[in-house]
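S.K.: Below are the features I grabbed from Swiss-Prot:
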BINDING   GLY65, PRO66, GLU67, SER68, SER69, GLY70, LYS71, THR72  ATP binding site
REGION    329-380  region 'Disordered'
COMPBIAS  340-350  compositional bias 'Basic and acidic residues'
COMPBIAS  352-364  compositional bias 'Polar residues'
Amino acid sequence: MADARKAALDTALKKIEKNFGKGAIMRMGDAAQTTISTISSGSLALDDALGVGGYPRGRIVEIYGPESSGKTTVALHAVAEVQKQGGTAAYIDAENALDPVYAEHLGVNIDDLLLSQPDTGEQGLEIADALVSSGAVDILVVDSVAALVPRAEIEGEMGDAHVGLQARLMSQALRKLSGTLNKTKTIALFINQIREKVGVMFGNPETTPGGRALKFYATIRLEVRRAEQIKEGTNIIGNRVRIKVVKNKVAPPFKRAEVDIMYGQGISQTGEIVDMAAEKDIVKKSGSWYSYGDDRIGQGRENAKKYLDEHPDVMTEIRQKVRDAYGMDATGEETSETDDQAKEAKDKGTAKNGSKGQSKSTKATPAETALDLGDQPTEK
């Protein structure tokens, strides 16, 4: 009886592979991927809070919070990290608010950044789908979900009711995107705003626009909020920002990270290194003084940060000790089979797009409307 069941199962598996291709179904133990492949967020503290050393490839991440809390800054740091590793990044700027000068200060190579400023929500999501399907994009940022306005709303009159239109649009788009993202190992970062529910007496009245689909499809959801201002004398030079991992499917959720976002500079690497090194006693804190080895590096946190900024060799040494202490060098490694699968998906996407380009007319595709930021004149 057991042999008959096994034979029937083997027949079914062969039939599935014949109809849908090799790899359509397999036993989990046969998969060679044992670790989650990640891209660093650009912040050591956030990488630690995420639990796997960064954003997982092939997944959807939502970053939401109040206005001017640092959501775009967090996303741009991820873009910079992808580009440092030789990857390709795309940015769907639905808010038409991306500052290329600020992005460049954060380490983004604006000449290679693919930028699209769509007219409607449908156009923006079609462009996103075309870019992800190509298999040649490593990270895609959509800024923001709230600004993806449906075509019917744009073409309609002010005051017209369009109940649930954006939610249906997002639900349909995410159904298509989620599978493609997993195959091409592309990270999709969706930036979102917050709204308040009317008439809520108990519980949190805050919610995010775009319906519930993004909440379900997102592997990671990050809540970004300003905690306090950073001052130098009477001048405000930045904000202390708290990032809470509200949802995490690849590691324990509800961890928090605190980072300094300095105006014009982005996330302060030295600030988080001081905090994390002090937590692991790599840098000793006695009263208000910070010391490393036999040397005092500053009285107060800001002076310790200045010392590390002025001594990059010391900062590099401490950073490596912090990474070792938090076990970050051991996470996010890819197996060779995973590399091959991602490469195969990219090659298939490129070949598919190439053949389409030869057979079709010169009509522009949605992906062709996404331009290199370097192709546009930038005022500095």
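Yeah, the Cβs are placed from backbone N, Cα and C, and that goes for glycine too.
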S.K.: If I restrict to non-local contacts, at least six residues apart, and a C-beta distance under 8 angstroms, what lies near GLY70 (ATP binding site) in its own chain?
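M.R.: Non-local contacts for GLY70 (ATP binding site): VAL224, ARG226, ASN239, VAL241, ILE261.
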S.K.: Under DSSP, is THR72 (ATP binding site) helix, strand or coil?
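M.R.: In three-state terms, THR72 (ATP binding site) counts as helix.
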S.K.: Fewest other C-beta atoms within 10 angstroms of its own C-beta: which of the binding-site residues GLY65, PRO66 fits that?
M.R.: PRO66
S.K.: Tell me the Cβ contacts of SER69 (ATP binding site) under 8 Å, same chain only and six or more apart in sequence, or just say none.
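M.R.: Listed in sequence order, they are VAL224, ARG225, ARG226, VAL241.
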S.K.: Within the same chain, and leaving aside GLY65, PRO66, GLU67, SER68, SER69, GLY70, LYS71, THR72, name every residue whose CB is within 8 angstroms of the centroid of the CB atoms belonging to the recorded ATP site, in sequence order.
M.R.: VAL224, ARG225, ARG226
S.K.: Highest Cβ count within 10 Å among the binding-site residues SER68, THR72: which residue is it?
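M.R.: Result for the most crowded candidate: THR72.
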S.K.: DSSP three-state call for GLY65 (ATP binding site): helix, strand or coil?
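M.R.: It is coil.
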